[in-house]
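Scroll down for the structure; my scribbles are underneath it.
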Amino acid sequence: MSSAQKLEHRTGDSSPHSFLEDGQKGLPLEERQHHEHHHPQALTEHGAPIDFHTEQADALESNPNLAWSKFRRVMQEPFSEFFGTFVMILFGDGVVAQVTLSGGKNGDYQSINWAWGLGVMLGVYCGGKSGGHLNPAVTLANCIFRKFPWRKFPIYLLAQTLGAFVASGVVYANYKSAIDQFEGGREIRTVPGFSNHSTAGIFCTYPAEFLTRTGMFFSEFIASSILMFCIYALKDDGNIGAGNLTPLGLLFVIFGLGSCFGWETGYAMNFARDFGPRCMSFFLGYGHEVWSAGNYYFWIPMVAPFFGCVFGAWLYDMFIYTGESPINTPWMGLRRFTRPTKKEWSNTV
């Protein structure tokens, strides 16, 4: 029995277009049999019950010698991080805009948490070719604990921040008329703490008025620590692991963090998510108050997530992770500080 006949027998479907990958649809049976003879790994059993997937070797780039194809290949990771973060902010800032500008008639705090979770999930799927970090603090933790190349860190940070910056501008453009009405005029733009009808909180985070500086920092630190701890748990195949469902798992992580730790500071947990849109709101006319609000709170969501994510990653590796990590080396990786060489620190050699 031929490969094609075996596949037809397996599902009981004798249609000439069954089990075809996109590139094989419409081919005569003889040509498909020829393809399967020369590409025996093109169709494989995977998952439950069965889904046929194209192996990466068969998913070759179309026209790779085109000028744009070459440029895209070089910029693939920055593009992925840009658009992954872009999608995340579209959903996140978009839902805050809808809830705020409708006066709570078209959503509430929990719909904000759900939409942020969906934004992160879809952003990770969109930016998966680069690893779907979407967060400079996550990238930093991966540089320290997962041998992610340090030379890519500034590139990822820039791409993530630009993605958030541009996406917040798109949200503003979409809701500009509603913002004009809510604020009371086209030239009026206000910031939390300076007005009871402010809209700057649509784009970036501002703290609750009762918080101390220590409380602000700790709120962002603990939320970021939990985020990174859970990311490493979801990606740990030595644990239960989530595999390709990791983005779905992140939806629930973000929803849970927002529901439990989001009230006080808005759970930024992400330099790019907060700084990019904050810059956009400044350029759009919200004024110096975007920096001075909350007793110059702006630096806390820029700094605290780095400390929090590194701590959360350390905590997971220290007590749970058994794979390759600086923690699982002599002196828990501290010996590296006595060897300041490229081989020791670059993560590329």
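Including glycine, each Cβ sits where the backbone N, Cα and C put it.
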Any idea which of 1-23, 24-46 is down as region 'Disordered' in TrEMBL?
1-23
Which stretch, 153-175, 216-234, 246-264, 296-316, tops the Cβ pairs under 8 Å count with the transmembrane segment (82-101)?
153-175
Taking pairs 6 or more apart in sequence, does the count of Cβ pairs under 8 Å between the transmembrane segment (246-264) and the transmembrane segment (113-132) hit 3 or more?
yes
Long-range neighbours of the transmembrane segment (296-316), counting only residues six or more past its ends (CB under 8 A):
135-138, 140-141, 144-145, 204-207, 213, 216-217, 220-230, 232-233, 236, 265, 268-271, 273-275, 278, 290, 327
